[in-house]
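Trainee: Quick one: this structure, given as structure tokens, is what I'll be asking you about.
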Amino acid sequence: MKIAILSRDGTLYSCKRLREAAIQRGHLVEILDPLSCYMNINPAASSIHYKGRKLPHFDAVIPRIGTAITFYGTAALRQFEMLGSYPLNESVAIARARDKLRSMQLLARQGIDLPVTGIAHSPDDTSDLIDMVGGAPLVVKLVEGTQGIGVVLAETRQAAESVIDAFRGLNAHILVQEYIKEAQGCDIRCLVVGDEVVAAIERRAKEGDFRSNLHRGGAASVASITPQEREIAIKAARTMALDVAGVDILRANRGPLVMEVNASPGLEGIEKTTGIDIAGKMIRWIERYATTEYCLKTGG
């Protein structure tokens, strides 16, 4: 097969591993910067051009689209889809997952347990917003934040009010969430491919922090997950219509809670921690589903 990887930086670990895994299985691979793709939208002869040339047909596309370029990145991916390329995560699913409010609404509607969460835009009644999620301590986030940026733990009501007021000055959407103290700065990252959790790690925040993101210096170890956690991770990915997802789970006293569903999970931390060839599993999933039937379904 001919496979395109959409990424701004082909030197990143995840891109290199996906390329390596695809080549090992006999596929042709090209890494394309989605921002350098430009599209001819024409009912008679739509096409995608890249750096002065018309791109050939790709059997499959692996989107590694960063949050900062979600709009144009998903637009480029839609064009590949329209031309009959199988996407490892459809554009509409990626856009949905990037909308934190929409994601939580969908997960809640499916009965998937979440931390008690409130979302507001420049709330006038800060006190009521705090009460709505059960009071302090609580976590205050910018809805647009990623990798733990724009996330603050407010341990007292006064601190919570101060943080919310400061965020309100940014004219930003604010997410207020109960703090799961018993998780002790740890979460579980489940890597879902299709209908299977192929790997799971426990991420622990560095000392003095409560954010377990590996990008912020957190540590990782292999996690043994329960059947309930496995079921919830798969259900969360399926709810978001993602073939590949990183599902972050907190272990609370009342049971596992889904924190986030990531549509473009990094592979470095979880592959190096578990030793599992996740990139290879992703390529095998593509081999299974990038079929003539998909092209016929999409008109490709």
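Note: Cβ is positioned from N, Cα and C throughout, glycine not excepted.
Here's the feature list from Swiss-Prot:
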type    : residues                                               : note
BINDING : Lys141, Glu178, Tyr179, Asp187, Arg211, Ser212, Asn213 : ATP binding site
BINDING : Asp248, Glu260                                         : Mg(2+) 1 binding site
BINDING : Asp248, Glu260                                         : Mn(2+) 1 binding site
BINDING : Glu260, Asn262                                         : Mg(2+) 2 binding site
BINDING : Glu260, Asn262                                         : Mn(2+) 2 binding site
DOMAIN  : 104-287                                                : domain 'ATP-grasp'
Trainee: I need the CA-to-CA distance for Asp187 (ATP binding site) versus Asp248 (Mg(2+) 1 binding site), whole Å please.
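Mentor: It is 7 Å, counting Cα to Cα.
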Trainee: Please give me the CB contact count at 10 A for Asp248 (Mg(2+) 1 binding site), counting all chains in the structure.
Mentor: 21
Trainee: Check the Cα-Cα distances from Lys141 (ATP binding site) to the binding-site residues Asp248, Glu260, Asn262 and tell me which is shortest.
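Mentor: Nearest by Cα distance to Lys141 (ATP binding site): Glu260.
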Trainee: At the Cα level, what's the spacing in Å between Asp248 (Mg(2+) 1 binding site) and Tyr179 (ATP binding site), rounded?
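Mentor: Cα to Cα, Asp248 (Mg(2+) 1 binding site) and Tyr179 (ATP binding site) are separated by 15 Å.
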Trainee: With every protein chain in view, what's the tally of Cβ atoms within 10 Å of the Cβ of Tyr179 (ATP binding site), excluding that atom itself?
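Mentor: For Tyr179 (ATP binding site), the 10 Å Cβ neighbour count is 17.
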Trainee: Report, in whole Å, the straight Cα-to-Cα distance of Glu178 (ATP binding site) from Glu260 (Mg(2+) 1 binding site).
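Mentor: Cα-Cα, rounded: 14 Å.
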Trainee: Cβ distance under 8 Å to Glu178 (ATP binding site), same chain, sequence separation 6 or more: which residues?
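Mentor: The list for Glu178 (ATP binding site) reads Pro115, Val116, Thr117, Val133, Gly134, Leu138, Val139, given in order along the sequence.
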Trainee: Between the Cα atoms of Asn262 (Mg(2+) 2 binding site) and Tyr179 (ATP binding site), what distance do you get, rounded to the nearest Å?
Mentor: 20
Trainee: Please work out which residue of Asp187, Glu260 has the most C-beta neighbours within 10 angstroms of its C-beta, and give that one of the binding-site residues.
Mentor: Asp187
Trainee: Give me the count of other Cβ atoms within 10 A of the Cβ belonging to Asn262 (Mg(2+) 2 binding site).
Mentor: 21
Trainee: Across the whole of the domain 'ATP-grasp' (104-287), what does the mean pLDDT come to? Round it, please.
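Mentor: For the domain 'ATP-grasp' (104-287), the model's average pLDDT rounds to 88.
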